[in-house]
Amino acid sequence: MAEDNVPVTAALSPEKDDEEAKKISLKHVAILLVVALTSITQGAATKGWTAVLPRMQDDTHSFVDTDDDVAWLVSMTSIVGIFASLATGPLVEWAGPRRVLTIALGVSTALWLVMAFPPHKAVLFIARAGLVASVYSISTISLPLLAELSPKHVRGSISTLSEFAASIGMLYGYLMALLFPWQIATALCALTSAVMLLPMCFVPESPYWLVRRGRNEAAKASLQRLLGPTAEVKQQLEAITSMPAATQTSLMQQFTQLGKGRNARPVLLVLAFFVLRELGGRSCIMLYTVYIFRDAGVEVDAFTCTVLVGAVRVVCTCVTVSVLDRVGRRPLLVATAVLAAVAQAVCGLFLYLQVPGASWVPLVAVLVYTAAYGTGLGPIPWVYVGELVPSPVRTLGASLITACDALVVFGINLGFLKIISHIGLGVTFLSFAGLNFVIVIIVWLWIPESRGVSLQTLQGAFSTKTKCKAPQR
């Protein structure tokens, strides 16, 4: 295959990395921003909203009475997410990513309101499950779609906007829990999906999907809508139609492609990031924040501490958006994984030794971990979903990664309160630290640098022993 026959993400700025190729219109930026901001409701639903659960437990009129109710409302998101993620791939291939994304936003809006005013306990749990299914579909779709539509020289920054949006949603949920009763807080969370419905009408359908469906003229119109009415899109369309994924229309064909080593290796490596990140305490720290600060004996109000965690994550994710395409993925991921592990180890050691007068250490350690997570450990694995998962298996690979991630999240969140009651919060945090160090080893040994590298080149990186090198600036 010719070197300039690259997918739309690379074809939008060819290998001749000149100034003309780097131009991107405001309309193009706006479309990418809309797709990225759909993740706001995902952050609010899977993380931010959980901060209302202590208030629901304190309210005798709510349906959340016990720690088991809390554990299931937190962990059920993952078990539902497994099936939602696996179902999203075939659904996207049938209906198209933009259409499924829009429908998921509408369903999410309705279910937020049902959760705010449930007539029965069963309705609350069913609405929670439906909401999670919708937001998992959103997260499964948005990253591959962003990778397909983004020019390669800003692909990393654009992709991290999705994680930035999720962090905004998480902070929004924390603030609602701090400021309002749980019913009002939940109802206001409906805005995170409702406000995105109208902008989604202006997002073109994925040209990749249209080509796979044999609708080349529609794909050309989609590219024209994305790049502008005067843009020359013939080369981009030829690049998409020349890719192996262009002839793929069935799920079985993707499973066949996944059996090939060059496709399986990157999927397994990206999956390893997600699994180790969860076993390293990511979801526990984000979802049980109030409970962790209470158990650690932090003197500051636990809800205020939770809002600080959300604010730190937003700021650090914002930093990532601005520096990722300058620094590169590998060094940033290695540095933040080390920082996260050190913060957890210090926190665990102080809690295990029960050092007197050090109740502030858990708060500082969690904030440092959150900063590391927001800067690299959180957004970069999601960037890799769009960059390293090869085009022939991108839909299936993204679904499998999200589903396996959800399975791990379910197990660790369901048992987290029981784990800390048996072995203590200190030993738990020390275990988290060790698992985050494993991420450093994997990145160092097997992950190529993807900054400024075309998706076609990245796709070939796992079929040889040669690693991709970031272009010289």
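A Cβ is built for glycine as well, from the same backbone N, Cα and C atoms used for every other residue.
For the transmembrane segment (29-50), same-chain residues at least 6 beyond its ends with a Cβ under 8 Å from one of its own Cβ atoms are 73-74, 77, 101, 105, 108, 112, 131-132, 135-136, 138-139, 142, 145-146, 149-150, 158, 161-174, 176-177, 185-186, 189, 192-193, 196, 199-200, 202-204, 226, 286-288, 310. The feature transmembrane segment is assigned by TrEMBL to 29-50 (among others).
According to TrEMBL, the feature domain 'Major facilitator superfamily (MFS) profile' maps to 31-451.
Sequence-distant neighbours of the transmembrane segment (70-88) (same chain, 6+ residues past either end, Cβ-Cβ under 8 Å): 45-46, 50, 53, 57, 64, 100, 125, 128-129, 132-134, 136-137, 140-141, 283, 287-288, 399-400, 402-411, 413-414, 416-417. Feature annotation from TrEMBL assigns transmembrane segment to 70-88 (among others).
Residues or ranges marked as transmembrane segment in TrEMBL: 100-117 (among others). Distant neighbours of the transmembrane segment (100-117): 35, 38, 41, 45, 88, 91-92, 123-124, 127-128, 130-131, 134-135, 137-138, 141-142, 145, 183-184, 186-187, 189-190, 192-194, 196-197, 200-201; these residues of the same chain sit at least 6 beyond its ends, with a Cβ under 8 Å from one of its Cβ atoms.
The transmembrane segment feature in TrEMBL is assigned to 123-146 (among others).
Taking Cβ pairs closer than 8 Å, the transmembrane segment (158-176) reaches residues 32-33, 35-45, 47-52, 139, 142-143, 146-147, 150, 184-186, 188-189, 192, 286, 289, 303, 306-307, 309-311, 313-314, 317-318, 320-321, 324, 374, 378-380, 382-383, 386-387 in its own chain, all 6 or more past its ends. TrEMBL lists 158-176 (among others) with the feature transmembrane segment.
Within the same chain, residues 30-31, 34-35, 37-38, 40-41, 43-45, 48-49, 52, 55-56, 59, 62, 98, 101-102, 105-106, 108-109, 112-113, 115-117, 169, 172-173, 176 sit at least 6 positions outside the transmembrane segment (182-203) and bring their C-beta atoms closer than 8 Å to a C-beta of that stretch. The transmembrane segment feature in TrEMBL is assigned to 182-203 (among others).
As annotated by TrEMBL, transmembrane segment applies to 267-294 (among others).
Marked as transmembrane segment by TrEMBL: 300-324 (among others).
As annotated by TrEMBL, transmembrane segment applies to 331-353 (among others). Outside the transmembrane segment (331-353), and at least 6 residues removed from its termini, the chain residues within Cβ reach (under 8 Å) are 280-281, 296, 320, 323-324, 361-362, 365-366, 368-369, 371-373, 375-377, 380, 424-434, 436-437, 439-440, 443-444, 447.
According to TrEMBL, the feature transmembrane segment maps to 359-384 (among others). Tertiary proximity for the transmembrane segment (359-384) is limited to same-chain residues at least six positions away from its ends with a CB under 8 Å from its CB atoms, namely 143, 155-156, 159-160, 162-164, 167, 270, 273-274, 277, 281-282, 285, 289, 292-293, 296-300, 305, 308-309, 312-317, 319-320, 324, 329, 332-333, 335-337, 339-340, 343-344, 346-347, 350-351, 429, 436, 439, 447, 450.
Within the chain carrying the transmembrane segment (396-417), a Cβ under 8 angstroms from the stretch's Cβ atoms is held by residues 67, 70-72, 74-83, 85-86, 88-89, 136, 139-140, 143-144, 251, 254-255, 258, 263, 266-267, 270-271, 274-275, 278-279, 283-284, 287-288, 291, 385, 389-390, all 6 or more beyond its ends. Under the heading transmembrane segment, TrEMBL lists 396-417 (among others).
Per TrEMBL, transmembrane segment is recorded for 423-447 (among others).
Listed by sequence, the residues of this chain that lie at least six past the ends of the transmembrane segment (123-146) yet keep a Cβ under 8 A from its Cβ atoms are 32, 35-36, 38-39, 41-42, 45-46, 63-64, 72-73, 76-77, 80-81, 83-85, 87-89, 91-92, 97-98, 100-101, 104-105, 107-108, 111-112, 114-115, 158-159, 161-162, 166, 206, 382-383, 385-386, 389, 394-395, 398-399, 402, 406. Confidence across the domain 'Major facilitator superfamily (MFS) profile' (31-451), taken as the mean pLDDT and rounded to a whole number, stands at 84.
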